[in-house]
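Taken straight from TrEMBL:
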- 23-81: domain 'SGTA homodimerisation' (DOMAIN)
- 1-20: region 'Disordered' (REGION)
- 318-337: region 'Disordered' (REGION)
- 138-171: repeat 'TPR' (REPEAT)
- 172-205: repeat 'TPR' (REPEAT)
(Lines of atoms letter the chains of each structure in order from A and count residues from 1; the text may use other names and numbers.)
(Lines give C-alpha, C1' and ligand atoms only; values in the text may rest on other atoms or scores of the structure.)
Protein backbone atom coordinates (compact mmCIF):
# COMPACT_ATOMS: atom_id res chain seq x y z
CA UNK A 1 0.00 0.00 0.00
CA UNK A 2 1.42 3.36 -0.96
CA UNK A 3 2.41 5.62 1.89
CA UNK A 4 0.08 8.57 2.35
CA UNK A 5 1.67 11.93 1.76
CA UNK A 6 0.59 15.07 3.51
CA UNK A 7 -1.05 17.48 1.07
CA UNK A 8 1.10 20.49 0.44
CA UNK A 9 -0.11 24.00 1.21
CA UNK A 10 -1.74 25.82 -1.71
CA UNK A 11 0.65 27.85 -3.77
CA UNK A 12 0.49 31.60 -3.37
CA UNK A 13 -1.29 33.46 -6.18
CA UNK A 14 1.18 34.55 -8.86
CA UNK A 15 -0.24 38.07 -8.85
CA UNK A 16 -0.20 38.41 -5.04
CA UNK A 17 1.51 41.47 -3.58
CA UNK A 18 4.88 40.97 -1.88
CA UNK A 19 4.57 39.56 1.64
CA UNK A 20 7.49 40.25 3.95
CA UNK A 21 8.95 37.74 6.38
CA UNK A 22 7.95 39.97 9.29
CA UNK A 23 4.35 39.92 8.10
CA UNK A 24 4.43 36.15 7.75
CA UNK A 25 5.83 35.80 11.26
CA UNK A 26 3.11 38.05 12.61
CA UNK A 27 0.43 35.92 10.97
CA UNK A 28 2.07 32.73 12.25
CA UNK A 29 1.93 34.16 15.79
CA UNK A 30 -1.73 35.02 15.38
CA UNK A 31 -2.59 31.60 13.95
CA UNK A 32 -0.85 29.92 16.87
CA UNK A 33 -3.03 32.01 19.19
CA UNK A 34 -6.14 30.83 17.33
CA UNK A 35 -5.08 27.17 17.41
CA UNK A 36 -4.46 27.37 21.15
CA UNK A 37 -7.95 28.78 21.68
CA UNK A 38 -9.43 25.89 19.70
CA UNK A 39 -7.30 23.17 21.30
CA UNK A 40 -8.15 24.44 24.79
CA UNK A 41 -11.89 24.18 23.96
CA UNK A 42 -12.40 27.91 24.41
CA UNK A 43 -14.62 28.15 21.33
CA UNK A 44 -17.83 26.47 20.22
CA UNK A 45 -17.83 23.80 17.52
CA UNK A 46 -19.31 26.30 15.04
CA UNK A 47 -16.62 28.84 15.88
CA UNK A 48 -13.93 26.18 15.52
CA UNK A 49 -15.13 25.36 11.99
CA UNK A 50 -15.17 29.03 11.01
CA UNK A 51 -11.71 29.56 12.48
CA UNK A 52 -10.32 26.61 10.52
CA UNK A 53 -11.54 28.25 7.30
CA UNK A 54 -9.96 31.53 8.43
CA UNK A 55 -6.66 29.76 9.12
CA UNK A 56 -6.60 28.19 5.66
CA UNK A 57 -7.41 31.51 3.99
CA UNK A 58 -4.69 33.37 5.92
CA UNK A 59 -2.11 30.67 5.21
CA UNK A 60 -2.91 30.89 1.50
CA UNK A 61 -3.00 34.70 1.39
CA UNK A 62 0.34 35.09 3.19
CA UNK A 63 2.02 32.16 1.38
CA UNK A 64 2.62 30.20 4.58
CA UNK A 65 3.79 26.59 4.57
CA UNK A 66 4.89 24.14 7.24
CA UNK A 67 8.38 25.66 7.36
CA UNK A 68 6.86 29.05 8.23
CA UNK A 69 5.90 27.68 11.63
CA UNK A 70 9.56 27.28 12.53
CA UNK A 71 9.26 30.86 13.76
CA UNK A 72 8.22 31.09 17.39
CA UNK A 73 7.57 34.45 19.09
CA UNK A 74 9.40 35.22 22.33
CA UNK A 75 6.03 35.38 24.07
CA UNK A 76 2.45 34.59 23.01
CA UNK A 77 1.09 37.34 20.80
CA UNK A 78 -1.67 38.24 23.27
CA UNK A 79 0.90 38.88 26.00
CA UNK A 80 3.00 40.99 23.64
CA UNK A 81 -0.05 43.00 22.65
CA UNK A 82 -1.18 43.64 26.22
CA UNK A 83 2.33 44.60 27.26
CA UNK A 84 2.75 47.02 24.35
CA UNK A 85 -0.66 48.60 24.96
CA UNK A 86 -0.38 48.66 28.76
CA UNK A 87 -3.76 47.01 29.14
CA UNK A 88 -4.77 45.76 32.60
CA UNK A 89 -6.16 42.24 32.89
CA UNK A 90 -9.92 42.05 32.67
CA UNK A 91 -10.32 45.69 31.58
CA UNK A 92 -13.19 45.96 29.10
CA UNK A 93 -14.49 49.53 29.29
CA UNK A 94 -12.72 52.37 27.52
CA UNK A 95 -10.58 54.43 29.88
CA UNK A 96 -11.96 57.79 30.99
CA UNK A 97 -9.67 60.57 29.69
CA UNK A 98 -8.42 63.22 32.06
CA UNK A 99 -8.65 66.93 31.28
CA UNK A 100 -4.97 66.85 30.34
CA UNK A 101 -5.59 63.90 28.01
CA UNK A 102 -8.43 65.73 26.27
CA UNK A 103 -6.36 68.89 25.87
CA UNK A 104 -3.40 67.00 24.41
CA UNK A 105 -5.69 64.97 22.14
CA UNK A 106 -7.24 68.13 20.73
CA UNK A 107 -3.77 69.52 20.09
CA UNK A 108 -2.81 66.36 18.21
CA UNK A 109 -6.05 66.50 16.22
CA UNK A 110 -5.33 70.07 15.12
CA UNK A 111 -1.81 69.04 14.08
CA UNK A 112 -3.38 66.22 12.06
CA UNK A 113 -5.73 68.70 10.41
CA UNK A 114 -2.78 70.90 9.43
CA UNK A 115 -1.02 67.88 7.92
CA UNK A 116 -4.17 67.08 5.92
CA UNK A 117 -4.09 70.59 4.46
CA UNK A 118 -0.45 70.01 3.52
CA UNK A 119 -1.40 66.70 1.83
CA UNK A 120 0.74 64.75 4.30
CA UNK A 121 -1.90 62.08 4.81
CA UNK A 122 0.22 59.33 6.37
CA UNK A 123 1.57 61.75 8.94
CA UNK A 124 -1.98 62.97 9.61
CA UNK A 125 -3.09 59.41 10.33
CA UNK A 126 -0.31 59.10 12.92
CA UNK A 127 -1.47 62.28 14.67
CA UNK A 128 -5.06 61.07 14.76
CA UNK A 129 -3.85 57.70 16.07
CA UNK A 130 -2.11 59.43 18.95
CA UNK A 131 -5.19 61.56 19.67
CA UNK A 132 -7.44 58.49 19.72
CA UNK A 133 -5.14 56.75 22.22
CA UNK A 134 -5.79 59.61 24.63
CA UNK A 135 -9.49 60.19 23.97
CA UNK A 136 -11.94 58.11 21.91
CA UNK A 137 -13.66 61.12 20.41
CA UNK A 138 -15.80 60.31 17.34
CA UNK A 139 -14.44 63.42 15.62
CA UNK A 140 -10.94 61.94 15.62
CA UNK A 141 -12.17 58.74 13.96
CA UNK A 142 -14.04 60.74 11.34
CA UNK A 143 -10.99 62.89 10.64
CA UNK A 144 -8.83 59.79 10.31
CA UNK A 145 -11.42 58.40 7.89
CA UNK A 146 -10.85 61.47 5.72
CA UNK A 147 -7.11 60.76 5.71
CA UNK A 148 -7.72 57.11 4.81
CA UNK A 149 -9.92 58.23 1.92
CA UNK A 150 -7.12 60.42 0.58
CA UNK A 151 -4.80 57.39 0.87
CA UNK A 152 -7.41 55.31 -1.01
CA UNK A 153 -7.75 52.98 1.98
CA UNK A 154 -11.51 53.03 1.82
CA UNK A 155 -12.29 49.97 3.96
CA UNK A 156 -10.36 51.52 6.84
CA UNK A 157 -12.25 54.79 6.29
CA UNK A 158 -15.61 53.01 6.40
CA UNK A 159 -14.70 51.22 9.62
CA UNK A 160 -13.63 54.49 11.23
CA UNK A 161 -16.96 56.03 10.30
CA UNK A 162 -18.78 53.06 11.79
CA UNK A 163 -16.77 53.41 15.00
CA UNK A 164 -17.54 57.13 15.16
CA UNK A 165 -21.25 56.33 14.81
CA UNK A 166 -21.03 53.64 17.49
CA UNK A 167 -19.70 56.36 19.82
CA UNK A 168 -22.18 59.00 18.62
CA UNK A 169 -25.17 57.77 16.56
CA UNK A 170 -26.18 61.38 15.82
CA UNK A 171 -22.89 62.29 14.13
CA UNK A 172 -24.12 63.09 10.63
CA UNK A 173 -20.65 63.89 9.29
CA UNK A 174 -19.61 60.26 9.83
CA UNK A 175 -22.52 59.10 7.65
CA UNK A 176 -21.54 61.62 4.98
CA UNK A 177 -17.90 60.56 5.02
CA UNK A 178 -18.92 56.91 4.86
CA UNK A 179 -20.99 57.71 1.80
CA UNK A 180 -17.94 59.26 0.17
CA UNK A 181 -15.82 56.17 0.88
CA UNK A 182 -18.49 53.88 -0.55
CA UNK A 183 -18.75 56.09 -3.65
CA UNK A 184 -15.01 55.85 -4.17
CA UNK A 185 -15.42 52.06 -4.21
CA UNK A 186 -18.30 52.38 -6.72
CA UNK A 187 -20.63 50.90 -4.10
CA UNK A 188 -23.32 53.43 -4.85
CA UNK A 189 -26.20 51.61 -3.18
CA UNK A 190 -24.41 51.74 0.17
CA UNK A 191 -23.31 55.31 -0.53
CA UNK A 192 -26.91 56.38 -1.13
CA UNK A 193 -28.04 54.75 2.11
CA UNK A 194 -25.28 56.54 4.03
CA UNK A 195 -26.21 59.92 2.55
CA UNK A 196 -29.87 59.29 3.40
CA UNK A 197 -28.89 58.65 7.02
CA UNK A 198 -26.85 61.86 7.02
CA UNK A 199 -29.84 63.80 5.67
CA UNK A 200 -32.11 62.38 8.35
CA UNK A 201 -29.83 64.04 10.87
CA UNK A 202 -29.17 67.22 8.84
CA UNK A 203 -32.06 67.68 6.38
CA UNK A 204 -30.81 71.05 5.11
CA UNK A 205 -27.23 70.04 4.33
CA UNK A 206 -26.88 70.69 0.61
CA UNK A 207 -23.69 68.65 0.18
CA UNK A 208 -25.49 65.52 1.37
CA UNK A 209 -28.36 66.19 -1.02
CA UNK A 210 -26.00 66.67 -3.96
CA UNK A 211 -23.93 63.60 -3.13
CA UNK A 212 -27.06 61.51 -2.69
CA UNK A 213 -28.28 62.53 -6.14
CA UNK A 214 -24.90 61.67 -7.67
CA UNK A 215 -24.91 58.24 -5.99
CA UNK A 216 -28.48 57.52 -7.10
CA UNK A 217 -27.72 58.62 -10.68
CA UNK A 218 -24.65 56.38 -10.77
CA UNK A 219 -26.72 53.51 -9.42
CA UNK A 220 -29.30 54.00 -12.17
CA UNK A 221 -26.54 54.03 -14.80
CA UNK A 222 -25.15 50.77 -13.51
CA UNK A 223 -28.56 49.13 -13.34
CA UNK A 224 -29.47 50.21 -16.86
CA UNK A 225 -26.18 48.89 -18.29
CA UNK A 226 -26.33 45.62 -16.39
CA UNK A 227 -27.87 42.69 -18.26
CA UNK A 228 -31.15 41.43 -16.86
CA UNK A 229 -30.55 38.98 -14.04
CA UNK A 230 -32.43 35.72 -13.84
CA UNK A 231 -35.22 35.54 -11.30
CA UNK A 232 -33.24 32.85 -9.54
CA UNK A 233 -30.71 34.68 -7.31
CA UNK A 234 -28.18 31.82 -7.47
CA UNK A 235 -28.49 30.98 -11.16
CA UNK A 236 -25.78 33.41 -12.23
CA UNK A 237 -23.39 32.23 -9.53
CA UNK A 238 -23.75 28.53 -10.32
CA UNK A 239 -23.74 29.28 -14.04
CA UNK A 240 -20.37 30.96 -13.64
CA UNK A 241 -19.19 27.81 -11.89
CA UNK A 242 -20.27 25.66 -14.80
CA UNK A 243 -23.36 24.39 -13.07
CA UNK A 244 -25.56 23.87 -16.11
CA UNK A 245 -24.76 20.19 -16.57
CA UNK A 246 -24.66 17.24 -14.25
CA UNK A 247 -22.68 17.96 -11.15
CA UNK A 248 -21.10 21.14 -9.86
CA UNK A 249 -19.00 22.63 -12.64
CA UNK A 250 -19.54 19.43 -14.63
CA UNK A 251 -17.56 17.43 -12.08
CA UNK A 252 -18.82 13.90 -11.48
CA UNK A 253 -19.97 13.05 -7.99
CA UNK A 254 -21.12 16.60 -7.23
CA UNK A 255 -24.75 17.71 -6.89
CA UNK A 256 -26.69 18.40 -10.07
CA UNK A 257 -27.04 22.18 -10.15
CA UNK A 258 -30.19 21.99 -12.23
CA UNK A 259 -31.90 20.05 -9.49
CA UNK A 260 -30.45 22.32 -6.84
CA UNK A 261 -31.71 25.47 -8.55
CA UNK A 262 -35.18 23.97 -8.77
CA UNK A 263 -35.39 23.40 -5.02
CA UNK A 264 -38.10 25.97 -4.05
CA UNK A 265 -37.21 26.15 -0.36
CA UNK A 266 -33.57 26.85 -1.15
CA UNK A 267 -34.42 29.53 -3.65
CA UNK A 268 -36.78 31.26 -1.23
CA UNK A 269 -34.15 31.22 1.50
CA UNK A 270 -31.50 32.49 -0.94
CA UNK A 271 -33.76 35.33 -2.08
CA UNK A 272 -34.27 36.43 1.50
CA UNK A 273 -30.56 36.28 2.29
CA UNK A 274 -29.62 38.28 -0.80
CA UNK A 275 -31.29 41.21 0.95
CA UNK A 276 -28.38 41.10 3.40
CA UNK A 277 -25.96 43.78 2.08
CA UNK A 278 -22.88 41.85 3.23
CA UNK A 279 -23.83 38.63 1.45
CA UNK A 280 -25.04 40.51 -1.61
CA UNK A 281 -21.70 42.32 -1.87
CA UNK A 282 -19.78 39.05 -1.69
CA UNK A 283 -21.84 37.43 -4.42
CA UNK A 284 -21.68 40.56 -6.60
CA UNK A 285 -17.89 40.63 -6.25
CA UNK A 286 -17.65 37.00 -7.28
CA UNK A 287 -19.92 37.52 -10.27
CA UNK A 288 -17.83 40.50 -11.40
CA UNK A 289 -14.60 38.53 -11.11
CA UNK A 290 -13.34 40.50 -8.10
CA UNK A 291 -13.93 37.76 -5.53
CA UNK A 292 -11.61 34.98 -4.39
CA UNK A 293 -11.94 31.43 -3.17
CA UNK A 294 -11.86 32.84 0.35
CA UNK A 295 -14.90 35.01 -0.48
CA UNK A 296 -16.67 31.95 -1.86
CA UNK A 297 -15.94 29.90 1.24
CA UNK A 298 -17.01 32.71 3.55
CA UNK A 299 -20.23 33.32 1.63
CA UNK A 300 -21.04 29.63 1.60
CA UNK A 301 -20.48 29.31 5.33
CA UNK A 302 -22.62 32.35 6.10
CA UNK A 303 -25.41 31.07 3.87
CA UNK A 304 -25.30 27.59 5.37
CA UNK A 305 -25.33 28.95 8.91
CA UNK A 306 -28.24 31.27 8.13
CA UNK A 307 -30.23 28.47 6.53
CA UNK A 308 -29.53 26.15 9.44
CA UNK A 309 -30.92 28.77 11.82
CA UNK A 310 -34.00 29.68 9.82
CA UNK A 311 -34.92 26.42 8.10
CA UNK A 312 -33.26 23.30 9.53
CA UNK A 313 -35.82 21.09 7.77
CA UNK A 314 -34.66 22.41 4.40
CA UNK A 315 -31.02 21.64 5.24
CA UNK A 316 -31.91 18.08 6.20
CA UNK A 317 -33.90 17.68 2.98
CA UNK A 318 -30.93 18.90 0.92
CA UNK A 319 -28.63 16.49 2.72
CA UNK A 320 -30.92 13.61 1.86
CA UNK A 321 -31.36 14.74 -1.73
CA UNK A 322 -27.80 15.73 -2.61
CA UNK A 323 -25.76 13.76 -0.10
CA UNK A 324 -24.06 10.44 -0.81
CA UNK A 325 -26.46 8.14 -2.58
CA UNK A 326 -29.02 10.87 -3.07
CA UNK A 327 -30.20 12.26 -6.36
CA UNK A 328 -27.37 14.14 -8.04
CA UNK A 329 -24.93 13.22 -5.28
CA UNK A 330 -21.93 10.94 -5.30
CA UNK A 331 -22.73 7.22 -5.69
CA UNK A 332 -22.41 5.05 -2.61
CA UNK A 333 -19.04 3.37 -2.19
CA UNK A 334 -18.63 -0.07 -3.68
CA UNK A 335 -18.75 -2.96 -1.20
CA UNK A 336 -15.37 -4.37 -0.19
CA UNK A 337 -14.05 -7.13 -2.47
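Numbering starts at 1 and runs along the chain as it is shown here.
Every residue gets a Cβ built from N, Cα and C, even glycine.
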Per DSSP, how many helix, strand and coil residues does the domain 'SGTA homodimerisation' (23-81) have?
44 helix, 0 strand, 15 coil
Beyond the flanks of the repeat 'TPR' (138-171) by at least 6 residues, Cβ under 8 Å:
105, 109, 112-113, 116, 119, 121-122, 124-125, 128-129, 131-132, 177-178, 180-182, 184-185, 201
Which residue counts does DSSP yield for the repeat 'TPR' (172-205) in the helix, strand and coil classes, in that order?
27 helix, 0 strand, 7 coil
Composition by DSSP (helix, strand, coil) of residues within the repeat 'TPR' (138-171):
27 helix, 0 strand, 7 coil
Suppose you look only at the repeat 'TPR' (138-171); what would the mean pLDDT be?
97
